[in-house]
Amino acid sequence: MSQGVRRAGAGQGAAAAVQLLVTLSFLRSVVEAQVTGVLDDCLCDIDSIDNFNTYKIFPKIKKLQERDYFRYYKVNLKRPCPFWAEDGHCSIKDCHVEPCPESKIPVGIKAGHSNKYLKMANSTKELEDCEQANKLGAINSTLSNQSKEAFIDWARYDDSRDHFCELDDERSPAAQYVDLLLNPERYTGYKGTSAWRVWNSIYEENCFKPRSVYRPLNPLAPSRGEDDGESFYTWLEGLCLEKRVFYKLISGLHASINLHLCANYLLEETWGKPSWGPNIKEFKRRFDPVETKGEGPRRLKNLYFLYLIELRALSKVAPYFERSIVDLYTGNAEEDADTKTLLLNIFQDTKSFPMHFDEKSMFAGDKKGAKSLKEEFRLHFKNISRIMDCVGCDKCRLWGKLQTQGLGTALKILFSEKEIQKLPENSPSKGFQLTRQEIVALLNAFGRLSTSIRDLQNFKVLLQHSR
């Protein structure tokens, strides 16, 4: 090899090394500029959330999600889109959701509402009888008439006025149980016009966007030149607290979902065996401050804000579950007791967090205006829950519905404080109730946020190791 060729090769090697250093400096910028400091609209710093989630919440919520009561979720994935003609369901194999056979569902879960309160229902019946029991037939015959009437009131109570979500009718033949552990949320390849239309409808029609703002809020929208980047978000400062919160919740949910997809990406498939794992390139595309012109870190901050909102809801709803009347009933008495103990332990941790979001700062104006704004807030979110039925990928639809319902349940809790404080110890209350579907969605949705923050820490480590 001639000396000139060797020099040229050395020059190319040096250029490649320089390019590698530049690339790694960008990667470091992701780590260093990710998210730091105190969050807007609350007095909580990100490092405190990271430590709290890593050492207290994440290990316990992960274990809770593996319990039978929380792993089976009943959902209707066949509800038609109420807003536009559907493009047809995704044919990609990873979009498929495998429903759980009835034989695999714990008998106490299949029996439905009648077994929600084990101390009142099924205390003398055999498990086989539970499957045929109707709502009132399952009540222990030794209950007082007053308790029976309270149970009937609860069974009839329609609290749709307080719902932030459009709930699936669990009695529908199209509703099926899904084992969440066997259908994990991960990258499916679902994208394009269908996915863009869903998120565009959520952002443009429901996030209180001012008419003076022309650029789409949807991060999936094409670049808008000078409107791109962090400076675009000055419009948020002109909104009231409640509308800013609404936008941050949706943006945080979107960021969380994107993190799940980046952390569970199809890396390769050999002989029909897929390999899933973190995709740094995809993470950079969605969150790198350079590639997103500063918008990525804002999206991640909104994830932390959403985490705080749901954390606050869990701390507020603890008294509901601390009552002796409430059991997480599956039919396995020992496991049910352990599950409730674990759940109460998580609630104790949530109450110990020192920097909670103060929901009382919301809807605090004049009563008439505050009531109107709260109703607008509720209806906008309920509309988003309906949009989830327009998602073309079944697995994306499953997890979108669950996480939206979980957040909707958290909002319902935050704005039902008086009703929760008045809960009777030994009988159902028609003032505030949670269905099993809401309970499962609430804890799994928070588990997803906890996992997102954990995944973010893992990406930081991966990026540091790639230097």
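Cβ atoms here come from the backbone N, Cα and C positions, even for glycine.
Remember, TrEMBL labels are computer predictions, not curated facts.
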From the list CYS390, CYS393, TrEMBL names as the disulphide partner of CYS396 the residue CYS393
For ARG286 (FAD binding site), the closest of the recorded positions by C-alpha position, picking from CYS95, CYS165, CYS393, CYS396, is CYS396
A 10 Å Cα radius around CYS396 (active site) captures, of the recorded positions CYS95, CYS165, TRP199, SER251, HIS254, exactly CYS95
Comparing the Cα of TRP199 (FAD binding site) with the Cα atoms of the recorded positions CYS95, CYS165, CYS393, the shortest distance belongs to CYS393
Largest C-alpha distance in Å for the FAD site residues ARG186, THR188, TRP199, SER251, HIS254, ARG286, as a whole number, is 21
Nearest to THR188 (FAD binding site) by C-alpha distance, among the recorded positions CYS95, CYS165, CYS393, is CYS95
For CYS165 (disulfide bond), the same-chain residues 6+ apart in sequence with C-beta under 8 angstroms from its C-beta are PHE381, LYS382, SER385, THR404, GLN405, GLY408, THR409
Neighbours of CYS393 (active site, nucleophile) among recorded positions CYS95, ARG186, SER251, HIS254 (C-alpha cutoff 10 angstroms), in sequence order, are CYS95
